[in-house]
Amino acid sequence: MNNIRFEKKYSGLNPSQKKAVDTIEGPVMVIAGPGTGKTQTLILRIANILLKTQVNPENILVLTFTESAVHEMRKRLVELIGTAGYRVEVNTFHGFCNDLIQYHTEHFEHLAGSVSLEEVEQIGIIERIISSRTFEHIKPFGAPEFYIRPILKAIDELKKEGITPQALRDGLKVQKKEVIGSDMKDGLRETKFKYIARSVELADVYEAYQKILRDEKKYDFNDMILEVIDALRRLSLLRMQLQEQYQYILIDEHQDTNAAQNRVVELLGSGENPNIFVVGDEKQAIFRFQGASLENFLYFKHKYKAASLINLEDNYRSTQSILDAAGALIKNNPKSQALPFPPDLRAAKSEKKERLIDVAALSSYVGEQYFIAQNIAKLLQKKKTPPQEIAILVRNNRDTFPFISLFQKEQIPFVVESDADVSENIFIQKLLSLFDSILDIGNDNKLIEAMHINTFHINPVDIYRLAAFVSQKHLNLWDIIEKLDDYQDELHLESTQPIIVFSQKLKNWKTLSMNDSIDNVFIDVLNTSGILASILETSQSFEVIEKVSLLYNEVKKEVSKHHLYRLTHFMQHLELLKKHNIKLESRAKGGVVPAVRLMTVHRSKGLEFDYVYLPHAYDGHWGNKRKRSGLFSLPWEHLSVKYDTLLEETANEDERRLFYVGITRARKHVTMSYACENEKGKAQIPSQFIEELGASSQSQIDGSHYDLELSKNPAVFLQQDDTHILDTKSVFFAHKEFFQDLFSARGLSVSGLNNYLTCPWKYFFRNLLRIPDSKNKNLIFGTSIHFALNQYIAQAKKMTLPEVINSFMQSLSTSQVNEVELIELQNKGIQVLTGYYNRMKQWKGTLQPEVIIKGIRFANDAYLNGRIDMIESLDNKGNVTVYDFKTGKPKSRNTIEGNTKGATGDYKRQLVFYKLILERYKEGRLKWKVKDGVIEFVEPDPKGVYKSERFSITEGEVKDLEKILLKVVGEIKSLSFWDKKCEEKDCPYCKMRSYIG
């Protein structure tokens, strides 16, 4: 570890931060308000533990809540303490529990072969239980499915608190006795009894649900944590082993924990005063929907009476005026006083001219949007503020929608970072509209909708003439289109050619959908419809591609579960999701682009900006929300999970904390706004949270001149298609930092490297942007053969030939091929494995199955990934041979090395790449030394001879590869390949590049 670097960072800490870093023994609770440097404190504390104790990095466990937080913490650890930072266990709660189950399979044998459930499958199980049994209270006669989603939500809550069905029943019995012995009025008592009876039936469904999961070898998201809790309770040997391994435990954002997560930490802690360090802020507990609550945060103080309590109150982010306003707001939450610390934060640096919070009242809904757009435009133009330092933070995802078309019209660069339902994107809607038309080609309404898609360039007037003609003559639209020339004299269409082209494409897609796999249909429609080209022409192309990829991944996920899965099945699946209000959400990506950032306040947690806008701050939207009463009244006070029942939550306290988080994201200034009338003309008043800021904290903005400007220029709100095209080349270059972050997150594999060397745009679209692309049958065959060989090696070469073939068939069954291809691949697989099995039986020595390597750091923020098929140990000194299995016709040694005409040397480069990453794997602690590499051909040559080529891999070859990697990494991060094209005449990737401009 670099002591000088540590001392320099440590010397910059304030006294409270130093106390948190230095108090390394026993339980410690740090209250860290916004902007108080909690992450820096946590990182330095880890370094201090390594400096002052004898523990190894592997003895430190850090748990947090998101993969992005894990990545950021790991990155900062490595920057401070070097390669030892890779060895500290940093994980999410679910990731840690999943790893623990994988590493200790002997204690979780009942989970072997289990698969995780999607939400729609969970609902299906609840439906089965409800429909197959008689229930008096949760199965209404006219609406038997009414309680299904509330039941699933209640089970989810119970699992997050670690409550079993029997524990729920026990709690309900106590609750019932309490109601019987109370002096409440008869009407209220009867209502309570109804809730209890309903919850008793909930316990029955919960128990049946868990039994089905066990019987069918399935688990849901929360089961991993519950399984670990159960194992740690029962198995003292496992518990002691883990307590010995993790001698120091640190929990980030502890206010976001639920009871089950706290229980895991408690069981991992050793003794009465374990070395558990938690850092959080009860004023920022905003994830109640994930099971987090203030009681869980306060739990630590109740559990460990001797815990050291440290308050970080110096804020290094915001101005004092922002902190004073936020403090005045949060003081209205009585729970914030439950801890023995004052909530006031001090600005560590004072501004000469501190601005009060601006509050703008606009007359109309559109006026508020216009005000914010004009305000931001001034910041960008006059103050030269970088656009990424401006954020619009909203209450709900849908609140971002009105700004999209307006910002496009005003050419304000923006990015929507909130999780969003992909079906709400216009390009996805176009794609799904085409799928609907393909399946129901004779449906006039669906056909008319598809014809309006702008990539077909059909004149809208022609569509209306066709629709009117069909209605008048009582004919079918498709029949008319098929015989367009016969009706042209009556129709008087402006242009028939686009309609003819459209109909031909639709027929082709219909034929394809009836005979080919859905993944091929998806890719063909995406490409030949022109939708992909139009996506690449937009300023938000990479965001839309993420959404398209998510939809395609849903296709692949369903394909893996069902053989011969067709387009009709997928559309039925989407209808089922819609029926149960299950959204396919695209997750907001990390990485900062030079654009105004639109996101929810929940999403903004952990971020900061110079300027923050909080729109729609009216009563009922922020605070005083109308809330339906719950369908189940769970007896939390009798379930031993609420540690302070006197502190009962109100919805406004949750909302107030969220508003507090929004305000405290700002460094320089906050602007709040609301419309005096909504879009329907109904009057609105400001949120009570604005009043709670105090008059001295805010400055009122007169919005009348914005309303006047808008009345003179109403065209600014004319509907815009979100295909608005900007100078996309400059947009892509402006987003260079985004692509750099994306490159760091994705990493570079050898296939990505080889793709780049073949054509930079092949890499860009397939490996970086990951535009959906279907697998051909050769790739599917190769994947299934690899799976079978890996299973054979993993089973210590004990599998019989039928078992190997069965593994191949199992893998092939999850792939989407048509019946003809399936039979062809099955027969070929049997033939190949039968011939190759004798060669497999001759393998000697210690063999290791497939090794997946991720995140090998190379150069500046470049990470290498790889998947090595087999490793053969040569001796006890760490010398190994790496193997790569290849299907297809065997290649000559010269071709492998790139010494024949047209050969690229990809195979040999692959072996050198494996040497590079394997010797750096786990920071070289495994001391592996790759002596040679083997390209092993699984299929024989035309003479029936099996071939393999062994190559000694020299350090010189590794050095040469490093030079190539440095060049490629530099070109990718600088986008210097932008105007290059490959040598292939009809390269599809260079063609896609031409769409960008």
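Here the Cβ of each residue, glycine as well, is placed from N, Cα and C on the backbone.
Residues or ranges marked as domain 'UvrD-like helicase ATP-binding' in TrEMBL: 11-319. Restricting the average to the domain 'UvrD-like helicase ATP-binding' (11-319) gives a pLDDT of 89.
Every protein chain considered, the tally of other Cβ atoms within 10 Å of the Cβ of G37 (ATP binding site) stands at 22. The ATP binding site annotation in TrEMBL covers A32, G33, P34, G35, T36, G37, K38, T39.
The domain 'UvrD-like helicase C-terminal' feature in TrEMBL is assigned to 320-606.
Ranking the binding-site residues G33, G35 by C-beta neighbours within 10 Å puts G33 at the top. Mapped onto three states, the DSSP output places A32 (ATP binding site) in strand. Same-chain residues at least 6 positions away in sequence with a Cβ under 8 Å from that of T39 (ATP binding site) are, in sequence order, E72, M73, R76, D252. The DSSP secondary structure for K38 (ATP binding site) is helix.
Fewest other C-beta atoms within 10 angstroms, among the binding-site residues A32, P34, T36, K38, are seen around K38.
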